[in-house]
Amino acid sequence: MAKRDYYEVLGVAKNASDDEIKKAYRKLAMKYHPDRNPDNKDAEEHFKEAKEAYEMLSDGQKRAAYDQYGHAGVDPNMAGAGGQGFGGFADAFGDIFGDIFGQAAGGAARGGRGGPQVYRGADLRYSMEITLEQAAHGYDTQIRVPSWVSCEVCHGSGAKPGTKPETCPTCHGQGTVRMSQGFFSIQQTCPKCHGTGTYIPEPCAHCHGSGKVKETKTLEVKIPAGIDDGMRIRSAGNGEPGINGGPPGDLYVEIHIKPHAVFERDGDDLHCQMPIPFTTAALGGEIEVPTLAGRASFPVPEGTQSGKTFRLRGKGIKGLRSSIAGDLYVHVQVETPVKLTDQQRDLLKQFEKSLAEGGARHSPQSKSWFDRMKSFFE
């Protein structure tokens, strides 16, 4: 049966404080303690599960390893040989590929043959919402992201001031141990020091032995002009710090563009709906439309129908990989007047009568519709 997440067992968040973890454990321990639940196997299992979770999460080093690698980081059996997990396979062949490429299987580089494993830090993702105008023109901004930094109290050693990490007695500072499985000799991460080659008898109270603390970091981010929704900006080296001297990961800023009140974006092109008076549609005229660069005007020919699309070249967005801007497509919607006065009604009736008497032509759409209706009734 797969182990449950330790945070889930205690019912706390992953960023829970030591006090919150201790309080949650005490509550569960009192509830499921064997003395309170004699001959209750289910309560006994819950008690053992809570005890194990507390032992791992109350220890700074073990908690850091668990946060990074899950159960495999704190349970040596999960990375063993004999097909019990992918970690065992990686460790079995790590020395061979490490000697050739300088990197062990599974992405863990080694400081040297038999030395502690070196891991690249995890990448981080930051979701950022910007306006269409900001995406079109680009701009510089700052973001604040939580980040792990070296502990100022122990200077990153993880040890209580006045003490220092000691050589791991299990692996003798190698970071790995060898296990014999029949004809095979398999090398795996040391279960006591988790590959560091050292252990900390007296952990730093400030960082709980991890050698790092979380703080908010302010970063400068340059949003390039023409960026589109869903694109990511890479900030090299601003991810999680590496382990055992490994390189840090990267930060990826994922861009999301807010819906615009006027425009819809389609690649480098923009679309907008433009209402126009029915008199302008019938008589023609000049209309003014908004663009991201200001206002622009263009002529509307007489007899313009609702739904007609006009293309304004170069009034869209200049994309990241384009030297010219896209176009703006204006979709006109002819407005029908409402709440007419008596005088306006009379004028429209006279106008309607003049159309019939004067033989004014219908629009192409209505003419086609009338022709189809005529053939339908014949």
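For all residues, glycine too, the Cβ spot is worked out from N, Cα and C.
Noted in Swiss-Prot for the protein shown:
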- 5-70: domain 'J' (DOMAIN)
- 138-216: zinc finger (ZN_FING)
- 151-158: repeat 'CXXCXGXG motif' (REPEAT)
- Cys151, Cys154, Cys204, Cys207: Zn(2+) 1 binding site (BINDING)
- 168-175: repeat 'CXXCXGXG motif' (REPEAT)
- Cys168, Cys171, Cys190, Cys193: Zn(2+) 2 binding site (BINDING)
- 190-197: repeat 'CXXCXGXG motif' (REPEAT)
- 204-211: repeat 'CXXCXGXG motif' (REPEAT)
May I ask for the distance between Cys207 (Zn(2+) 1 binding site) and Cys193 (Zn(2+) 2 binding site), taken between their Cα atoms and rounded to an integer number of Å?
17
Can you tell me the three-state DSSP label for Cys204 (Zn(2+) 1 binding site)?
coil
Go through the binding-site residues Cys151, Cys154, Cys204 and tell me which ones have a CA within 10 A of the CA of Cys168 (Zn(2+) 2 binding site).
none
For the repeat 'CXXCXGXG motif' (190-197), the mean pLDDT of the predicted model:
81
Can you grab the distance from Cys190 (Zn(2+) 2 binding site) over to Cys204 (Zn(2+) 1 binding site)? Cα atoms, rounded to a whole Å.
22
Pairwise CA distance, Cys193 (Zn(2+) 2 binding site) versus Cys204 (Zn(2+) 1 binding site), rounded so that it is a whole Å:
16
The zinc finger (138-216), counted residue by residue under DSSP: helix, strand, coil:
0 helix, 35 strand, 44 coil
Which of Cys154, Cys171, Cys193 has the fewest nearby Cβ atoms, counting only those within 10 Å, among these binding-site residues?
Cys171
Note the Cβ centroid of Cys151, Cys154, Cys204, Cys207, the recorded Zn(2+) 1 site, then list each other residue of that chain whose Cβ lies within 8 Å of it, in sequence.
Glu152, Val153, His155, Gly156, Ser157, Gly158, Ala159, Pro203, Ala205, His206, His208, Gly209, Ser210, Gly211, Lys212, Val213
Tell me the Cβ contacts of Cys204 (Zn(2+) 1 binding site) under 8 Å, same chain only and six or more apart in sequence, or just say none.
Gly60, Cys151, Val153, Cys154, Ser157, Gly158, Ala159, Lys160, Pro161, Gly211
For the domain 'J' (5-70), how many residues does DSSP put in helix, in strand and in coil?
48 helix, 0 strand, 18 coil
When neighbour density is defined as the number of other C-beta atoms within 10 angstroms of a residue's C-beta, which of the binding-site residues Cys151, Cys207 has the lowest density?
Cys151
